Amino acid sequence: MHRPDNTHPRRPDWFKHLGLGLMLIFGLAQQSGWTQAANDAPPKTTKPALTVTVTHPEVRIWPRTLAATGNIAAWREVVVGAEIGGERLVEVPVEIGDRVERGQLLVRIDSDSARVALEQARAALAEAEAQLAEARADAERARRSQGTAALSPQQSDQYLSAEQTALARLEAARARVRAEELRLSRTEVRAPVAGIVAAISATQGALVQPGTELLRLIRDARLEWRAEVLATELARLQAGGSARIKAPDGTWVNGRIRLIAPTVDRGTLTGLVYVDLPTEMTGQSLRAGMFVRGELDLGTTPALTLPQSAVLMREGFAYVFRLQPQGTVAQTKVWIDRRLGDRVEISAGLEVTDTVVDTGVGFLADGDLVRISESGPPDGSVR
(Lines of atoms letter the chains of each structure in order from A; the text may use other names.)
(Lines give C-alpha, C1' and ligand atoms only; values in the text may rest on other atoms or scores of the structure.)
Protein backbone atom coordinates (compact mmCIF):
# COMPACT_ATOMS: atom_id res chain seq x y z
CA MET A 1 0.00 0.00 0.00
CA HIS A 2 1.29 3.50 -0.83
CA ARG A 3 1.94 5.72 2.41
CA PRO A 4 1.35 9.41 1.91
CA ASP A 5 4.37 11.77 2.58
CA ASN A 6 3.53 14.13 5.52
CA THR A 7 6.78 16.25 5.33
CA HIS A 8 6.70 19.98 4.23
CA PRO A 9 8.26 20.94 0.93
CA ARG A 10 11.91 22.16 1.29
CA ARG A 11 12.51 25.92 0.97
CA PRO A 12 14.99 26.99 -1.70
CA ASP A 13 18.52 28.23 -0.60
CA TRP A 14 18.04 31.64 -2.13
CA PHE A 15 15.46 32.44 0.56
CA LYS A 16 18.06 32.04 3.29
CA HIS A 17 20.54 34.29 1.50
CA LEU A 18 17.88 36.97 1.10
CA GLY A 19 17.22 37.04 4.88
CA LEU A 20 20.90 37.29 5.74
CA GLY A 21 21.36 40.14 3.32
CA LEU A 22 18.49 42.13 4.78
CA MET A 23 19.92 41.71 8.30
CA LEU A 24 23.33 42.90 7.15
CA ILE A 25 21.89 45.97 5.43
CA PHE A 26 19.89 46.89 8.58
CA GLY A 27 22.96 46.51 10.83
CA LEU A 28 25.11 48.71 8.59
CA ALA A 29 22.43 51.38 8.49
CA GLN A 30 22.11 51.42 12.29
CA GLN A 31 25.90 51.62 12.75
CA SER A 32 26.04 54.50 10.31
CA GLY A 33 23.39 56.37 12.32
CA TRP A 34 25.28 55.93 15.58
CA THR A 35 28.46 57.13 13.99
CA GLN A 36 26.74 60.22 12.60
CA ALA A 37 25.16 60.96 16.01
CA ALA A 38 28.53 60.66 17.66
CA ASN A 39 30.06 63.01 15.12
CA ASP A 40 27.23 65.53 15.59
CA ALA A 41 27.55 65.57 19.49
CA PRO A 42 29.45 68.61 20.95
CA PRO A 43 33.07 67.86 21.95
CA LYS A 44 33.72 67.26 25.68
CA THR A 45 35.51 70.29 27.33
CA THR A 46 37.86 70.45 30.31
CA LYS A 47 37.97 73.21 32.95
CA PRO A 48 40.73 75.74 32.20
CA ALA A 49 43.71 75.85 34.58
CA LEU A 50 43.92 78.57 37.25
CA THR A 51 47.16 80.49 37.63
CA VAL A 52 48.36 80.39 41.24
CA THR A 53 51.45 80.91 43.34
CA VAL A 54 52.74 78.22 45.68
CA THR A 55 54.70 78.07 48.91
CA HIS A 56 56.21 75.54 51.27
CA PRO A 57 55.63 75.21 55.03
CA GLU A 58 58.41 76.75 57.11
CA VAL A 59 59.54 75.69 60.58
CA ARG A 60 60.00 78.75 62.77
CA ILE A 61 60.75 79.23 66.46
CA TRP A 62 57.67 80.82 67.99
CA PRO A 63 56.78 81.77 71.54
CA ARG A 64 54.21 79.57 73.23
CA THR A 65 51.76 81.36 75.48
CA LEU A 66 49.04 80.52 77.97
CA ALA A 67 45.81 82.50 77.67
CA ALA A 68 44.32 83.84 80.90
CA THR A 69 41.91 86.42 82.25
CA GLY A 70 41.87 88.45 85.43
CA ASN A 71 41.45 91.81 87.13
CA ILE A 72 43.79 94.77 87.21
CA ALA A 73 44.43 95.94 90.77
CA ALA A 74 46.67 98.33 92.69
CA TRP A 75 50.07 96.86 93.57
CA ARG A 76 49.82 98.48 96.99
CA GLU A 77 46.96 100.63 98.26
CA VAL A 78 47.79 103.20 100.96
CA VAL A 79 45.02 104.50 103.22
CA VAL A 80 45.50 108.10 104.35
CA GLY A 81 43.54 108.98 107.51
CA ALA A 82 43.13 111.78 110.04
CA GLU A 83 45.39 111.75 113.09
CA ILE A 84 43.59 114.47 115.05
CA GLY A 85 39.94 114.80 115.96
CA GLY A 86 37.32 117.35 116.75
CA GLU A 87 38.29 119.73 113.92
CA ARG A 88 36.64 120.56 110.62
CA LEU A 89 38.04 119.71 107.24
CA VAL A 90 38.58 122.93 105.31
CA GLU A 91 40.31 121.96 102.03
CA VAL A 92 40.95 119.00 99.70
CA PRO A 93 43.31 120.33 97.01
CA VAL A 94 43.59 117.08 95.00
CA GLU A 95 41.26 115.12 92.73
CA ILE A 96 40.84 111.43 91.99
CA GLY A 97 43.41 110.37 89.43
CA ASP A 98 45.97 113.04 90.36
CA ARG A 99 49.58 111.95 90.62
CA VAL A 100 51.08 113.13 93.89
CA GLU A 101 54.59 113.19 95.29
CA ARG A 102 55.62 112.20 98.76
CA GLY A 103 54.93 115.07 101.17
CA GLN A 104 52.41 116.79 98.92
CA LEU A 105 49.42 118.36 100.66
CA LEU A 106 46.28 116.23 100.36
CA VAL A 107 43.87 117.57 103.00
CA ARG A 108 43.87 120.66 105.20
CA ILE A 109 42.11 120.61 108.60
CA ASP A 110 41.18 123.69 110.61
CA SER A 111 44.26 124.63 112.66
CA ASP A 112 43.04 127.59 114.78
CA SER A 113 42.69 125.65 118.03
CA ALA A 114 45.99 123.85 117.41
CA ARG A 115 47.79 127.18 116.97
CA VAL A 116 46.30 128.56 120.18
CA ALA A 117 47.34 125.45 122.07
CA LEU A 118 50.86 125.76 120.69
CA GLU A 119 51.12 129.37 121.81
CA GLN A 120 50.00 128.37 125.30
CA ALA A 121 52.58 125.61 125.40
CA ARG A 122 55.33 127.97 124.34
CA ALA A 123 54.30 130.45 127.04
CA ALA A 124 54.38 127.68 129.63
CA LEU A 125 57.83 126.76 128.38
CA ALA A 126 59.07 130.29 128.85
CA GLU A 127 57.67 130.35 132.35
CA ALA A 128 59.37 127.03 133.15
CA GLU A 129 62.69 128.33 131.85
CA ALA A 130 62.40 131.41 134.13
CA GLN A 131 61.54 129.27 137.12
CA LEU A 132 64.49 127.01 136.42
CA ALA A 133 66.83 129.99 136.22
CA GLU A 134 65.64 131.23 139.63
CA ALA A 135 65.87 127.76 141.16
CA ARG A 136 69.39 127.28 139.81
CA ALA A 137 70.52 130.58 141.37
CA ASP A 138 69.16 129.54 144.74
CA ALA A 139 70.69 126.11 144.47
CA GLU A 140 74.07 127.56 143.53
CA ARG A 141 73.97 129.85 146.61
CA ALA A 142 73.06 126.88 148.77
CA ARG A 143 76.02 124.89 147.41
CA ARG A 144 78.42 127.79 148.13
CA SER A 145 77.15 128.23 151.70
CA GLN A 146 77.52 124.60 152.65
CA GLY A 147 79.68 124.33 155.80
CA THR A 148 78.81 127.88 156.86
CA ALA A 149 76.07 129.33 159.01
CA ALA A 150 74.61 131.42 156.11
CA LEU A 151 71.90 128.86 155.39
CA SER A 152 70.51 126.09 157.45
CA PRO A 153 70.82 122.56 156.15
CA GLN A 154 67.05 122.42 155.66
CA GLN A 155 67.05 125.61 153.58
CA SER A 156 69.90 124.36 151.43
CA ASP A 157 68.07 121.08 150.77
CA GLN A 158 64.94 123.00 149.74
CA TYR A 159 66.90 125.10 147.22
CA LEU A 160 68.55 122.04 145.72
CA SER A 161 65.22 120.18 145.53
CA ALA A 162 63.52 123.20 143.95
CA GLU A 163 66.20 123.18 141.21
CA GLN A 164 65.42 119.59 140.29
CA THR A 165 61.68 120.29 140.30
CA ALA A 166 62.11 123.32 138.04
CA LEU A 167 64.26 121.25 135.66
CA ALA A 168 61.56 118.56 135.42
CA ARG A 169 58.88 121.17 134.78
CA LEU A 170 61.02 122.62 131.99
CA GLU A 171 61.32 119.22 130.30
CA ALA A 172 57.56 118.74 130.59
CA ALA A 173 56.95 122.17 129.04
CA ARG A 174 59.29 121.35 126.16
CA ALA A 175 57.49 118.06 125.56
CA ARG A 176 54.16 119.85 125.52
CA VAL A 177 55.47 122.28 122.91
CA ARG A 178 56.63 119.38 120.72
CA ALA A 179 53.24 117.69 121.09
CA GLU A 180 51.38 120.84 120.10
CA GLU A 181 53.71 121.39 117.15
CA LEU A 182 53.01 117.82 116.03
CA ARG A 183 49.26 118.36 116.44
CA LEU A 184 49.47 121.53 114.37
CA SER A 185 51.44 119.71 111.65
CA ARG A 186 48.76 117.05 111.49
CA THR A 187 46.20 119.61 110.43
CA GLU A 188 47.92 119.35 107.03
CA VAL A 189 47.57 115.77 105.80
CA ARG A 190 50.38 115.03 103.37
CA ALA A 191 51.09 112.08 101.09
CA PRO A 192 53.15 109.44 102.90
CA VAL A 193 54.31 108.01 99.54
CA ALA A 194 54.26 109.00 95.88
CA GLY A 195 51.36 107.61 93.90
CA ILE A 196 47.96 108.23 92.34
CA VAL A 197 44.84 109.30 94.19
CA ALA A 198 42.49 106.32 93.85
CA ALA A 199 39.62 107.45 96.09
CA ILE A 200 38.58 110.45 98.19
CA SER A 201 36.19 110.01 101.10
CA ALA A 202 36.96 113.36 102.76
CA THR A 203 34.16 115.94 102.64
CA GLN A 204 34.91 119.60 103.03
CA GLY A 205 33.32 121.00 106.20
CA ALA A 206 32.98 117.62 107.89
CA LEU A 207 34.15 117.10 111.46
CA VAL A 208 36.97 114.59 111.38
CA GLN A 209 37.89 112.05 114.03
CA PRO A 210 41.17 110.23 114.62
CA GLY A 211 41.46 107.27 112.26
CA THR A 212 38.88 108.58 109.79
CA GLU A 213 39.81 107.52 106.23
CA LEU A 214 40.32 110.54 104.00
CA LEU A 215 41.93 109.19 100.79
CA ARG A 216 43.41 106.11 99.17
CA LEU A 217 46.57 106.14 97.10
CA ILE A 218 47.95 103.64 94.59
CA ARG A 219 51.53 103.46 95.78
CA ASP A 220 54.11 104.49 93.19
CA ALA A 221 51.27 104.43 90.58
CA ARG A 222 51.96 100.71 90.13
CA LEU A 223 49.25 98.38 88.86
CA GLU A 224 49.29 94.62 88.57
CA TRP A 225 47.32 92.07 86.59
CA ARG A 226 46.06 89.21 88.72
CA ALA A 227 45.73 86.46 86.12
CA GLU A 228 43.62 83.43 87.03
CA VAL A 229 45.38 80.25 85.91
CA LEU A 230 44.34 76.61 86.31
CA ALA A 231 46.29 74.78 88.98
CA THR A 232 47.55 72.28 86.39
CA GLU A 233 49.18 75.10 84.42
CA LEU A 234 50.89 76.94 87.30
CA ALA A 235 53.95 74.68 87.21
CA ARG A 236 54.67 75.80 83.64
CA LEU A 237 55.14 79.42 84.74
CA GLN A 238 57.96 81.07 86.63
CA ALA A 239 58.62 84.45 88.21
CA GLY A 240 60.40 86.83 85.87
CA GLY A 241 58.64 85.51 82.80
CA SER A 242 57.06 87.90 80.34
CA ALA A 243 53.35 88.47 79.86
CA ARG A 244 51.06 90.85 78.04
CA ILE A 245 47.49 92.00 78.33
CA LYS A 246 45.02 93.49 75.89
CA ALA A 247 43.76 96.84 77.13
CA PRO A 248 40.13 97.85 76.53
CA ASP A 249 41.27 100.23 73.77
CA GLY A 250 42.75 97.28 71.87
CA THR A 251 46.42 97.96 72.59
CA TRP A 252 48.71 95.26 73.95
CA VAL A 253 50.65 96.10 77.11
CA ASN A 254 53.73 94.12 78.12
CA GLY A 255 54.36 93.09 81.71
CA ARG A 256 56.52 90.86 83.88
CA ILE A 257 55.49 88.01 86.18
CA ARG A 258 56.40 89.08 89.72
CA LEU A 259 54.85 86.36 91.81
CA ILE A 260 52.92 83.10 91.54
CA ALA A 261 50.48 82.55 94.39
CA PRO A 262 51.40 79.63 96.67
CA THR A 263 47.75 78.65 97.16
CA VAL A 264 44.89 77.60 94.88
CA ASP A 265 41.22 78.45 95.24
CA ARG A 266 39.34 75.29 96.19
CA GLY A 267 36.18 76.32 94.40
CA THR A 268 37.62 77.31 91.01
CA LEU A 269 40.86 75.27 91.19
CA THR A 270 42.74 78.31 89.94
CA GLY A 271 45.71 80.22 91.30
CA LEU A 272 46.68 83.86 90.87
CA VAL A 273 49.68 84.99 88.87
CA TYR A 274 50.74 88.56 89.69
CA VAL A 275 52.03 90.51 86.69
CA ASP A 276 53.65 93.94 87.09
CA LEU A 277 52.45 96.50 84.56
CA PRO A 278 54.25 99.67 83.37
CA THR A 279 53.47 102.70 85.53
CA GLU A 280 53.18 105.05 82.57
CA MET A 281 49.99 103.26 81.52
CA THR A 282 48.30 103.81 84.90
CA GLY A 283 45.31 106.09 84.61
CA GLN A 284 45.43 106.04 80.82
CA SER A 285 44.55 102.77 79.08
CA LEU A 286 44.83 100.79 82.33
CA ARG A 287 42.83 101.37 85.49
CA ALA A 288 42.37 99.42 88.68
CA GLY A 289 39.26 97.24 88.57
CA MET A 290 39.37 96.44 84.84
CA PHE A 291 38.82 92.83 83.76
CA VAL A 292 41.12 91.96 80.86
CA ARG A 293 42.48 88.98 78.98
CA GLY A 294 46.10 88.34 78.25
CA GLU A 295 48.87 85.85 77.60
CA LEU A 296 51.61 84.39 79.80
CA ASP A 297 54.88 83.36 78.19
CA LEU A 298 55.77 79.64 78.29
CA GLY A 299 58.99 79.86 76.28
CA THR A 300 59.58 79.04 72.61
CA THR A 301 58.95 75.92 70.51
CA PRO A 302 59.30 75.05 66.78
CA ALA A 303 56.19 75.69 64.70
CA LEU A 304 55.25 74.52 61.19
CA THR A 305 53.93 77.73 59.64
CA LEU A 306 52.19 78.96 56.51
CA PRO A 307 51.11 82.40 55.31
CA GLN A 308 47.57 83.24 56.35
CA SER A 309 46.69 83.64 52.66
CA ALA A 310 47.33 79.93 52.05
CA VAL A 311 44.57 78.85 54.44
CA LEU A 312 40.93 78.72 53.38
CA MET A 313 38.25 78.82 56.05
CA ARG A 314 35.16 76.94 54.91
CA GLU A 315 32.19 75.85 57.05
CA GLY A 316 34.16 76.35 60.24
CA PHE A 317 37.17 74.28 59.15
CA ALA A 318 40.58 75.21 57.78
CA TYR A 319 41.84 73.85 54.45
CA VAL A 320 44.89 74.15 52.24
CA PHE A 321 45.35 73.04 48.63
CA ARG A 322 48.29 70.68 48.20
CA LEU A 323 49.90 70.52 44.76
CA GLN A 324 49.73 67.05 43.15
CA PRO A 325 52.26 65.58 40.67
CA GLN A 326 49.70 65.70 37.80
CA GLY A 327 49.24 69.46 38.19
CA THR A 328 46.02 69.34 40.18
CA VAL A 329 45.35 70.35 43.77
CA ALA A 330 43.96 68.33 46.65
CA GLN A 331 41.87 70.13 49.25
CA THR A 332 43.36 69.10 52.61
CA LYS A 333 41.93 69.73 56.06
CA VAL A 334 44.41 71.16 58.55
CA TRP A 335 44.38 72.25 62.20
CA ILE A 336 45.53 75.75 63.17
CA ASP A 337 47.18 76.56 66.49
CA ARG A 338 49.19 79.75 67.04
CA ARG A 339 49.08 82.93 64.99
CA LEU A 340 51.92 85.43 64.66
CA GLY A 341 51.76 88.35 62.29
CA ASP A 342 50.56 87.18 58.88
CA ARG A 343 51.47 83.53 59.49
CA VAL A 344 49.68 80.66 61.23
CA GLU A 345 50.92 77.43 62.81
CA ILE A 346 49.68 74.18 61.28
CA SER A 347 49.54 71.66 64.10
CA ALA A 348 48.22 68.72 62.03
CA GLY A 349 47.31 67.76 58.46
CA LEU A 350 50.43 68.96 56.63
CA GLU A 351 54.06 67.92 56.15
CA VAL A 352 57.05 70.21 55.80
CA THR A 353 57.76 68.68 52.35
CA ASP A 354 54.32 69.56 50.94
CA THR A 355 53.77 72.28 48.38
CA VAL A 356 50.59 74.30 48.82
CA VAL A 357 48.86 77.09 46.96
CA ASP A 358 49.74 80.44 48.51
CA THR A 359 47.25 82.85 46.95
CA GLY A 360 44.01 82.43 45.07
CA VAL A 361 42.71 79.62 47.28
CA GLY A 362 39.25 81.15 47.28
CA PHE A 363 38.87 80.29 43.59
CA LEU A 364 39.88 76.63 43.89
CA ALA A 365 38.07 73.36 44.46
CA ASP A 366 39.36 69.87 45.10
CA GLY A 367 40.90 68.35 41.94
CA ASP A 368 41.23 71.62 40.00
CA LEU A 369 43.99 71.89 37.43
CA VAL A 370 46.41 74.74 38.22
CA ARG A 371 49.28 76.53 36.57
CA ILE A 372 52.10 77.93 38.70
CA SER A 373 52.72 81.63 38.18
CA GLU A 374 56.26 82.74 37.38
CA SER A 375 55.81 86.44 38.27
CA GLY A 376 53.53 87.16 41.20
CA PRO A 377 50.24 86.48 42.84
CA PRO A 378 47.33 86.01 40.46
CA ASP A 379 44.31 88.21 40.19
CA GLY A 380 41.98 85.24 40.35
CA SER A 381 41.30 85.21 36.60
CA VAL A 382 41.14 82.05 34.55
CA ARG A 383 43.94 81.60 32.00
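Yeah, the Cβs are placed from backbone N, Cα and C, and that goes for glycine too.
Caution: TrEMBL annotation is automatic and unverified by curators.
Residues or ranges marked as domain 'Multidrug resistance protein MdtA-like barrel-sandwich hybrid' by TrEMBL: 77-213. Per TrEMBL, region 'Disordered' is recorded for 137-157. Feature annotation from TrEMBL assigns compositional bias 'Polar residues' to 145-157. Feature annotation from TrEMBL assigns domain 'Multidrug resistance protein MdtA-like C-terminal permuted SH3' to 303-357.
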Review point. When DSSP states are grouped into helix, strand and coil, how many residues of the domain 'Multidrug resistance protein MdtA-like C-terminal permuted SH3' (303-357) land in each?
Key: 3 helix, 36 strand, 16 coil
Exercise for review: Report the DSSP secondary-structure composition of the domain 'Multidrug resistance protein MdtA-like barrel-sandwich hybrid' (77-213) as helix, strand and coil residue counts.
Suggested key: 66 helix, 29 strand, 42 coil
